[in-house]
Each structure stands twice: as structure tokens, then as C-alpha cells.
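Record features (TrEMBL):
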DOMAIN    B:19-421  domain 'ABC-2 type transporter transmembrane'
TRANSMEM  B:21-42  transmembrane segment
TRANSMEM  B:180-201  transmembrane segment
TRANSMEM  B:239-260  transmembrane segment
TRANSMEM  B:302-322  transmembrane segment
TRANSMEM  B:342-362  transmembrane segment
TRANSMEM  B:369-390  transmembrane segment
TRANSMEM  B:402-424  transmembrane segment
Amino acid sequence: MSHILVAKDVTKQFGSHTALKNVSLEIPKNSIYGLLGPNGAGKTTLIRIINQITYPDQGSVYFDGELLKSEHIAQIGYLPEERGLYKSMKVGEQALYLAQLKGLSKDEAKKRLKYWFERLEIGDWWNKKIQELSKGMAQKIQFVVTVLHEPKLLIFDEPFSGFDPINANIIKEQILSLKEKGTSIIFSTHRMESVEELCEYIALIHKSEKILDGRLSDIKKAYKNNIFKIGLETDNQEELVREMQDKFDVLAQEYNSIEKQLNITVQLPSNQSSEILSFLGSRANVNGFVETIPSANDIFIKTIQNKNLDNE
Amino acid sequence: MNKLPLIIKREYIAKVRNKSFVVMTFLSPFLMVGMILLIAYLTQLNDNDKKVIGVLNDSSYFSNEFVTSEATSYINFKDISLAAAKDSTLSLGFYGLIYLPDEPNLEQVAQRAFFYSKDAPSATILDKLENSITGRLRQERLREMGLSPKEYAEMDRRYNINIETFDGNQNIKGINEIKAIIGGAFGYLIMMFIIIYGGFVMRSVIEEKTSRIIEVIISSVKPFHLMMGKIIGTSLAGITQFAIWIVSGAMLLFIGLAIFDIDPASLTKGSGMTPGVANGANVDVDALTQNIQLYAQEIFDLPIFAMLFFFIVYFVLGYLIYSSIYAAIGAAVDNETDTQQFIFPVILPLMLAIYVGFFSVFSNPNGPIAVAFSLFPLTSPIVMLMRLPWGIGEGGVPVWQLITSILILIGTFIGIVWVAAKIYRVGILMYGKKPSYKELYKWLKYSS
């Protein structure tokens, strides 16, 4: 598989502070790649290096197979976390200016802006000043400006901050449709629920180092620990619980008296689900049998906690 | 690279469309002209305010001394007592009363003479009275030594020294003042432009920081291009403003002078610029026109084109140096209130240059202080321009000094822009804390 962006052993210092330490990443084409990490981990520095706002002290970055160079700026769209627009400039003029800075001609920029403004139903804002718009409205303009030059790689740093749920959803749909059209997307956030929804791949950066990366489903598989949740219907629940505690590693149990259901959480040695099923089959009705998959949030917290423990 | 014109254009338009800029551009000429007209009017008013002084002359001397002139008129009291004269002076609202008692000889009259006034009298009036009396005393003393009044008049004729330079050009008094005014105007213009438009550059950088658009922009263009585009765009807006001011100001001034019927010559009178003309009452007409021709000749002989050329060179370099510093300051801070500690050291050399110019360069254009400050890069744009009206080469600024000064300025320009660009590119992405000088120094060492 080819990659839109490859970083090799990227290191960046600011004075005595190391912002990135030997970070290597491979971002596949046409995917949404989640760049995760706590505040101050080095995500923004990495993104700034990709945007050539700053340059690595060591290591190299390749864009679409070539060593990153200034011509690539026109191929990248960046929505920074710290974002804003000229407050006293009119929406249309401002969008045209920013599009031209990305290398679009004025006519082309105008055409595409018209398309996007119609698509997001904001056409009548053209002659308004930014200071007359609400924060969410300005964010929409900002989004349009970011994607207008149809870059191969889009980088969104916390794209949903400042949006209400309805507009956040509109933007999410636009991001997904851009991906459908073949754009590769780097998505930096610490809001894990949007990671679950959008990202195919993730990388976790912590204290200037990459501590985890790969396909999200693979990572989840690696992080699952054979814990199952079982819903049972039985007349003799107390005895069943006792028997199960003898045979298996029961982590928790509770009885829901309304649904008349016994819920048991059990840790199994790997791949022994058939054994417990046959054991239960003769004793109770099995209403539910689910392996608990860790959420991205769990993985995030667990990995970082482990890392911190290792360091101590 | 082709993005620089785009940035310049945006900065220019953003500045020119700004409401306060438009208001200032169109209001300032009216304010300036209004002020000039007011000054002219007040000067005329002042001239018209004649002082009336009563004279009680009981002596047998001073019959011709106190004659009504342009600025003062004298009213003679006759055959009344001093007390009555004082009362009349006061009730008639005169400025004061000069009393000359009846004494046997002039010396004693002078010794016993008094000037009475309501408040402490003005120095000008006292001077005048004292001069009149001193003149009479001199005449009397000389007469006692055997000099006839005719001989005395002959003796008192004023003398004007002839001036010539070593290479034989005829020179006239007051030309140095003209040169100083021209040089001072150039220097002052540069200082004002730097302070005003450097401030604009700084505020524009701060605006980009506070509106958080900066990161969006520098993901498309290099910070250096953004900084230079901003500096150039803002200065073009400034030049536009100056051009509008000069054109409309000149027009308004002419219109104003025509409407209020003010003689432009009355504005220059008394400024010390044309002493020969000012006390021209006893200079004959031929000499006067000759003088005027000489002045015209001298002004014409000033190295106008060289001065304009070097004005542009020093203006551009000086402005670029200072506005890059202003841009770096804007990048280093988060809001305008934090700029004070950095701005003062920037304005200091500018003020110094102006003061050195006025107090040292004009009296000694080629003295060591003038030379030193016209070589030092942060003051040279102002000080060198103040020296230039005295010519280039022989008798004026030596060519080596001019070249050295420009070379130092160019070197400084490169160095300062490099430093400023470094601070700028680190600073624009820094939020939250007000940096110290130590911190700024640390930024210089960051690799890009």
C-alpha cells in the first residue's frame, strides 16, 4: 500500500525542551488517520513540521513518495487548532485571499467558493465581515477555506471544537465525503468518540514519543483481554454463580430482578468461549454473550498509564 | 514567491480601507492648514496690538526720542503733576507712563527717570525705552567730546559684514538657517513616518496573532514573506497618505491664504530666517532685491537632486530596519499594552538623532558628533539627511562618510531583518506569556 506521508525518525528540540523524539509514522493514502495524545505531547509540532511551518532537527518527512518541499504546501490543507480569520475583512474577500495564497487563481477560487457556499448554505454571508458572524459560522468559513484548494492531504486539528452538534455533524459528513473522493486525512484530537467514528488508523503520541500506532481494529484486537459479558436466565441463580466461580474467573455478577436476568462478567483464558458455552448450555438460557472490546478511550488511557508506570 | 504581491496588496487595502486611516487622511490637512492660518492670524493680531505709553517730560531733553512707531505710540502729558499723570495713564488704560524729571543735566535726568506700569512691564518695552535713553546719552556724551549731531548720525550707520566661502562664492547670512530647516524637515519626516507606520506594522502583527489567523496563513506562505509583505504594504499606504496630504495641504493652504488675504511673507517674518530683509528699513531697495536673488540662488544651488536621492535611500533603509523591529515586537507580545517595554528602546535612538541634529549638526555640520551619529546605523537616516544640505564632497559631507554610512546601514538592515524574522517566526506562534529580553535571545537560537 502506498503512503501519502511518511515520517522517519523525526526529532525536534526547542532549546532544552524536546518536542518530538524519533517519531516515525506512515499514513496510508485515502484513509482517516487519527493523531492522538494528551495536551503538550507534540502533536502540534508534528503537524507544523508536515506543514513546513517549522522544520525537524533530525529525520525526514516524505510526501507522496517525495522528500517534503515547499511545492507540497499547495497539496496540503491545514485547519489549525488555534484558528481565526481577519475580523474586519469581508468573508468573500478573505476566502479569495486565502485561496490565492494556496495557489488558486482568482477565478477558480471564486467558482469553487460559490460551490462550497451553496453546499453549506452560507451563500448570503459573502459580503459580511467576520466580526458580524457567530463563532460557529466563522468556523464553517474556515473549513471551506481549508478544503477549497482540493489538497491531497488534509490535516484537521480538533475540527469540531466550536461547533454545535448539528453543525459538527455537517462537518463530519463533509470530512467523510472528502475521504470518499480520495483525500487522505490526518485528524488530531483528544475527543475519543469521534476517533471511534472516523479513524481507520491511529497513532498515539505521548511525551514527545510515538508509543502506539496501527490500524484501529488491529489495535483493539491486541488490546482485548478475553473478558466476556454473559446474560443468563435461570431459576437457580445462586448455585449457578457458585459453580461458575469454581470453574471460571468471574469478575463481577449482578442480578437484574426486573428482567430476571443474571449478568456475569468473566475473564477467560484465550479462546475458551466454546467451553463456557457448553457448560452454560445445560444449566441456563443464554440471552447474551458479548466479548468486551476496549474503546479507543480505554486504550488511550491504559497505554499512557502503562507508559508512565514503565518510566517510574 | 509570487505570493508576496498578494500579501502586499491585502495589507495595503486593509490599511487604506480602515476607517480611522481614511478619517485621518482627510482630516489632517484641514487641521494642519487651520493651525497655520490660526498662527498667521494670531501673529497679525499681536502686531496690531499697539502699546500706548504716556510720557510726562518735565526735562528739557528727549523731545525727539519718544515718537510713535509701528508697535508703540507715545502720548505726551503737559503741565500736570506726576500723580495726576499716573492717574490719567491708569484711567485711560495706557500700558505705562515714562517720567522724565526736571534736572540740570541729561545724566541726572536719566538717573531719575522712571517707568510706571500697572503690572511688571514686558522686557521688549523696557528694552525699547532703555535703548532710546541710552542712544540719547551716547549722543550727548559724544557731543560733549566735540562731535556734531551730523557726524553722530554718520557714525551710527549700521554695518553688515561681507561673507564669502574660500572658493569665492558669495555667501549670505541666514542661508545656514534655511539649510537647517530643510535638513530638519527631512529628518523629522523620516522620524514621524517610522514611528507612525512602524506602529501600524506592529499593530497589524498583533491583530493577526490575536485573531489567530496567523497559523492559517503561515501554512501557506513563509513567515518572512508575510513580514515583508506587511512592512511594504503598510509603507505604501503611508506613502499614499503623505501624497494626499502634500497635494491637498498645498491646495488648501493657497485657498486659505487667498480667502483670508494673508500675506505669506508675514509667516516667515520674525522666524530669524531673513534677518537682512527684516530690518531692511535702512537697506536700500537695490540691496534688497540683490539679497533675494542671492537667497534664491543659494536654495537653487543646494544639491536638491542628490538630497532627494539620498532621502529616498535613507528613508527606505531606515524604515525597513525600524519596521522589522516593530514587526518583531508585535510578534513577541500578545497585546498592545505589553509593547511598552520594547518600544522605548526603539524610539530612543530616533529622539536622540533629532536632538543631536538640532543641537549639534546645525551648528557644526562636520563636527565629530555629527559624523559619529551619521555613521551609527540607527541614527544615520536622520542625522545624515540633516547634514546633506551643506553639500556633498568639498565643504560638505565627505564622500567616504556617505558611502560608509550607507554600507553600515545596509549591513545593519540585513542583520536586523534576519534577527527580526527569527523572533517573528517563533513569536507569532507563542501565546500566553510576555517574553523577556532573555527569552527573545533564546528564540534566536531555535532552529527554524
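The backbone N, Cα and C atoms fix where each Cβ goes, glycine too.
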| request: Could you check if the transmembrane segment (B:239-260) is in contact with the transmembrane segment (B:21-42), meaning 3+ Cβ pairs under 8 Å among residue pairs at least 6 apart in sequence? | output: yes
| note | For the transmembrane segment (B:302-322), the candidate among B:21-42, B:180-201, B:342-362, B:369-390, B:402-424 having the most Cβ pairs under 8 Å is B:369-390
| field | Contacting positions for the transmembrane segment (B:369-390) when only residues 6+ beyond its ends and CB under 8 Å are counted | value | 179-180, 182-184, 186-187, 190-191, 302-303, 306-307, 310-311, 314-315, 317-318, 321, 349-350, 352-354, 356-357, 360-362, 396-397, 401-402, 404-405, 408-409, 411-413
| said: For the transmembrane segment (B:402-424), give me same-chain residues lying six or more residues beyond its boundaries with a C-beta closer than 8 angstroms to one of its C-beta atoms, as numbers and ranges. | reply: 205, 223-224, 227, 310, 313-314, 317-318, 320-321, 324-325, 327-328, 331-332, 374-378, 380-381, 384, 392, 440, 443-444, 446, 448
